[in-house]
Structures are given as structure tokens and as C-alpha cells.
Amino acid sequence: MIQLENIEKHYESKKRRVIGVDQVSLDIKKGEIYGIVGYSGAGKSTLLRCMNVLERPTKGRVFVDGIDLLELNNKQLRKARQSIGMIFQGFYLVSSKTVVENVSFALKAAGVGKLERNKRALELLNLVGIEDKANQYPSQLSGGQKQRVSIARALANNPKVLLCDEATSALDPSTTKSILKLLKKINEQIGITIVIITHEMEVVKEICDRCAVMQNGKVIENGKTYDIFSDPNEKLTKDFIHTVLDFQLPEALLKQCNGTLLKLQFRGDIAAESVVSDMLQQHKVKGNILHGKVEYIKDKPLGVFIMEVSGDPSEISSAISYLEERIKQVEVIQHVSY
């Protein structure tokens, strides 16, 4: 649905050139929810704005639904943008207009008649769950309700793509979850492709099928969300994931441990209890699981357990080798010499 080919965006000044996006290529599939995560200044919002040419790339090509947007004239580009909805952190609602008028405004700009505008706007407010707020003004709404109006407005012209620029960063955790749930519902009901820009890995974990990690204008890692979480390659990616999957043991508990500490990661359908039980039966070691947690990413389990193992060093070494064969990801956190 969206193909970016070697996108670069430069900002020139008298003193220096700033590179906002640096040779980024992405292929975002039709109907998926794609996340782009990075810290402030990573270039993710600039990249998102290149997707609908609100920012014109310095180099590269942008295809949306097979159309090269950079080859269009201004009139053609305005027409093409009707198939690309966009929501922002700041909502940008017209304070002097009611909720239904804010949604209708996008339809009016597209030349839709008044009766049809009103009907469509009410349908969209029903879709996003605030049909009862139709005649209220933005000042009477909560932050989550305002974002729902923004989503309804962005969907007014039946777009094929919805771009979300930090759409939940101004919301509290509970409201964020409700907005993400709404976006997922919309994706499932109408099959719209959604691209989400965020600095929160929790957002990516919650709804994204695939994701990319940006740093200094570059995409440093990308792939299926589950694979990124279960086997990250880059340090920045690992740092982001630790904000969601924090399995660190308290220092006081670490000091009480006399054996070798292992961090075991279980993916998919591998049963942690079975693997650990088999290991203890086949090796002359004692084991004690100190901490464990299972997260579900796109309905697939990802488990991490901290285990203390004690016994003869050679048996411990053999037990670790056995675990590595069964579950692949085994990390020795603390090794005790006997």
C-alpha cells in the first residue's frame, strides 16, 4: 500500500545542512497496522509527513496504492490526499463548530452535499463511539473524546490509509488503551492501512503488526512486532523493549542468590514448565524460578523467567547447554564459582 524508496529529507540553512530522514526504504502492506518508533528528533514525524507529501522529500520516491505522489501536480496531489487520512497529537478541532460540524467540514471540502455530509458524519461518530456528543463543542470534550472526533474527521472521505502522528502521547494510559482499541477495531472493520508514529513501545506492542525503529533519521531495525520484541538486534531497540518488558530482579534478591542466575526467554508455544522440568530431571542440579512474566504480542505469548541453578559447575554448564538447545535464548545473569 505504501512504498518508500530511499527517502531523504534535508533542511538547509546558511551554516549547515540538517538531515531529517536518511535513506529510508519501507514497504507497508495493505490492511496492516505499522508502527514507527523512536525518540524525539529521530525523524519519524518527518518520515510520516513524507508519506502524504506534507513534507516533500529531498530525494527518493513515495508510492501510495501504486501512485507515485511526487510525480503529481498540485491538483492531482490534493485529490490523492483524500485517500490518506491523518490525525495528530493536538487534535486541531475548530472550537467554534460542533462535533458533527467538525467531521462534516472535511466532507464539505471534498464537495459532498449538505444532507449527505450530515448523514456520513453521524455514521462516523457512531463508529468511533461518540454519537451522543454530536452537538457539543470541543471545549466540552475530554482529550480522548477529542481524538475520537479527529479520527472520525480523518475517515470522512473513506481513505485507504490513516497516518497517526503521536496520536496518543497527550493522553493518559487508560484513554490511550481505548484509542488503540478503537484504531484496531477500525482496521478490522474497514481494512484501512494504519501507520502509527510513537515514542512508546507499549503502543507498538498493543496493536502493530510490524514496526520500524528510527534513530538519527535512519531506520535501524524493522520487522514483525513479535520478532522485534523477542529477538532485538540493536541497543536502542533493546532499550525501548525494556521499557515494556522489564524483568530486572531487585538488588536485594540478587544478593541472596548463591547459585547461577539464568534469564530464559520462551517464544510461541514452547512450554516453560516442561522445558525446565525436563532439564532438572536430566541433570544433577537444583533449580528455583525467582521471577516470571508472560506478555502477549499480537496474541502470541512471549515469556521471560529468571531462574537460579545450583550444583556442580560441570552439571550447571551441561544444563545451560541443554536449555540453549531447547529454547535458544538463555542469558547467564550471575555466575557463581564454587
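Cβ from N, Cα, C; glycine included.
The domain 'ABC transporter' annotation in Swiss-Prot covers 2-241 and is backed by sequence analysis.
Annotation source Swiss-Prot lists ATP binding site at GLY38, TYR39, SER40, GLY41, ALA42, GLY43, LYS44, SER45. The number of other CB atoms found within 10 A of the CB of GLY38 (ATP binding site), across every protein chain shown, is 24.
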What residues, ordered by sequence, lie under 8 A Cβ-to-Cβ from SER45 (ATP binding site) and sit at least six positions away in the same chain?
-> ASP165, GLU166, ILE197
Write out the long-range same-chain contacts of GLY43 (ATP binding site), meaning residues 6 or more apart in sequence whose Cβ is under 8 Å from its Cβ.
-> LYS9, GLY20, VAL21, ASP22, VAL24, MET214, ASN216, GLY217, LYS218
Other C-beta atoms within 10 angstroms of the C-beta of ALA42 (ATP binding site) total 24
What average pLDDT is reported by the model for the domain 'ABC transporter' (2-241)?
-> 93
When you average the Cβ positions of GLY38, TYR39, SER40, GLY41, ALA42, GLY43, LYS44, SER45 for the ATP site, which other residues in that chain have a Cβ within 8 Å of that mean position?
-> HIS199, MET214
Within the same chain, the residues at least 6 apart in sequence whose Cβ is under 8 angstroms from that of SER40 (ATP binding site) are HIS199
